[in-house]
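Written below as structure tokens is the structure these notes are about.
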Amino acid sequence: MKSLKPGIGLMCIIALYYLLPLSFRSLWQPDETRYAEISREMLASGDWIVPHFLGLRYFEKPSVGYWINNLSQWAFGHTNFAVHFGSAFSIALTALMVYWLALRLWQDRWLGLTAAAIYSSCLLVYSIGTYAVLDPMIALWLAAAMCAFWQAVQAPRGWRKGLGYLALGIACGLGFMTKGFLALAVPVLSVLPWVIAQKRWKEVFIYGPLALLGAVATSLPWVIAIARREPDFWHYFIWVEHVQRFAEDNAQHKAPFWYYLPVLLAGTLPWLGLLPGALRRAWRERQTQSGAFYLLGWVVMPLLFFSLSKGKLPTYILPSFAPLALLMARYAATCGGRALKVNGVLNLLFGLLCVITVASVLAPWGLAQHPLFVQNEVRKVLLGVLGFLVWAAVGGLTLRAPTVCWRWAALCPLGIALLVGQAIPQQVIDAKQPQSFIQTVRPQLEKSRFIFANSVGVAAGLAWELQRSDISLFELQGELAYGLSYPDAADRFIREEDFSDWLRERCKEGSVALVVLLPDGETQISHLPRADETYRRGRLVLLAYHQRRP
């Protein structure tokens, strides 16, 4: 029974962090509403080859990530749990791979479970793993690729080694079909330092074609199918989504080279105290511990690769956290009390700092000129304070006996995990989580023949909630500019200066609803035709125009 306790503890972490809260969290726009709607449309249409978003061609990503979400919605229905489940499931599988690789590297089950728990409870991993985006899926395939490569290079010559390289190729192929060519580049860059240090070039050249075969065999059927259906897909996907995003000055999400340093530091909480020592030890042992050096390359090379990219988002470095968890678990097992005590102090201070920030800055009575919470949200303030008090309390608990209790740090994010969905300020909900607003005005929306929105994310929320993909865009095209450029999408977008004339004619055919997300700080809508009904909540406004009989 004693030997089962670590495994049970890991399963409890996964359940409490990644499964229990999912049903109680609204969808964020634009990301979560986007991916929810794309998969809903795939299931509704039966077309799993060409991605469509609001009925328009959407070529920003390949299809496998959507397929995972499709299966989730098919299994769990039209629910927020289903939308989030694909990400959480991918993180859980990656945690299992972390455990497996620890067994292969060090033959230590306890160390493997510790590494999996560290991975699952890292702040960045948890934040992304409960957020409906595709990054957990690509992290899963990259972890599978790195595990397959390690299995291959450790296997004796023959069919087992070949099978390992074939599995590497399959994982890379699935990664390519999830997020593109980075799934091919990142594993190559990650293993490069180890291959050079171990002088394994000959083996890679001999067995590498098997990996290439696996990748091609996995992805080629879909590659051909979408090229036949949509000949322009590969031009857009390669040039816009790869070349421009990585290299051009007008790339999306531009950030400086050092952007990922603070992201890494914050993302490793509640294990930040272990980070410097784990990296330092792996570097010092690069000559004697080939496994540790393999993990170090897996951490550092993707970080450098994405730091060189012009476009940056915190989610991009998620693949580096699996090897980082392994290195930190190994370091913690032998580092002694000092680093473990530092880790506890950092968690205590972080929790207290966040408590002070929520209670004295963000609260209605706080120091901020425009507090995040308003007067009737004291309950939410208290929930936020309680969530971070749990973090501080667990940090303090580990300080009582650092060498014995340090693993309890995995429980630091528990309060946030269980309470954050109930502590979101209303002004944030009214701008970033449109589901509640949509449900309030649902009767007006359901009787509208035409529905417009001036935000792609809000439009996606409307489509998801109403289960209709014909939501059109008003004034701003955003990420759907490419899909709207096709002739068959000409009636799916209207500019503000044309709206009055369009409205005069189309109101003869049916009611019109326009949902506007006001710019931050703007309070009036005086430049649009007067609506028959108006409803406003925060920055979201519904303008309803009734049908006019000819």
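Cβ coordinates come from backbone N, Cα and C, glycine included.
Annotation source Swiss-Prot lists transmembrane segment at 4-24 (among others). Under 8 Å from some Cβ of the transmembrane segment (4-24) lie the Cβ atoms of residues 79-81, 84-85, 88, 91-92, 95, 99, 109-110, 113-114, 116-117, 120-121, 126, 129-130, 410, 413-414, 417-418, 420-422, all in the same chain and six or more residues away from its ends.
The feature transmembrane segment is assigned by Swiss-Prot to 81-101 (among others).
Taken from Swiss-Prot, the feature transmembrane segment covers 110-132 (among others).
Annotation comment: Swiss-Prot describes 176-196 (among others) as transmembrane segment. When Cβ-Cβ distances below 8 Å are used as the criterion, the transmembrane segment (176-196) is approached by residues 61-65, 134-135, 137-138, 141-142, 145-146, 149, 168, 204, 215, 218-219, 222, 237-238, 241-242, 290, 293-294, 296-298, 300-302, 304-305, 319 of the same chain, each at least six residues removed from its ends.
Residues annotated as transmembrane segment in Swiss-Prot, with sequence analysis given as evidence: 204-224 (among others).
Only residues 6 or more beyond the boundaries of the transmembrane segment (255-275), in the same chain, are considered here, and those with a CB under 8 A from a CB of the stretch are 118, 121-125, 303, 306-308, 311-312, 314, 316-317, 320-321, 324-325, 328, 331-332, 335, 339-347, 350, 391, 394-395, 409-410, 412-413. As annotated by Swiss-Prot, transmembrane segment applies to 255-275 (among others).
Away from its own ends, the transmembrane segment (288-308) comes close to residues 105-106, 146, 150, 185-186, 189-194, 197-198, 257-260, 264, 279, 281-282, 316-317, 319-320, 322-324, 326-327, 330 of its chain (Cβ-Cβ under 8 Å, at least six residues beyond either end). Annotation comment: Swiss-Prot describes 288-308 (among others) as transmembrane segment.
If you look up Swiss-Prot, you'll see 313-333 (among others) marked as transmembrane segment.
The transmembrane segment annotation in Swiss-Prot covers 348-368 (among others).
Summarising the annotation, Swiss-Prot assigns transmembrane segment to 381-401 (among others) and lists sequence analysis as the type of evidence.
Residues or ranges marked as transmembrane segment in Swiss-Prot (evidence: sequence analysis): 409-429 (among others). When Cβ-Cβ distances below 8 Å are used as the criterion, the transmembrane segment (409-429) is approached by residues 13, 16-17, 20-21, 24-26, 117-118, 120-121, 123, 126, 130, 269-271, 343-344, 347, 351, 362, 372-374, 377, 380-381, 383-384, 386-391, 394-395, 398, 436, 538-539 of the same chain, each at least six residues removed from its ends.
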Other parts of the chain folded back onto the transmembrane segment (381-401), taken as Cβ under 8 Å at six or more residues beyond its ends: 270, 340-341, 343-352, 354-355, 358-359, 362-364, 373, 408-409, 411-416, 418-420, 422-423
The transmembrane segment (81-101) and the transmembrane segment (313-333) contact flag, 3+ Cβ pairs under 8 angstroms: yes
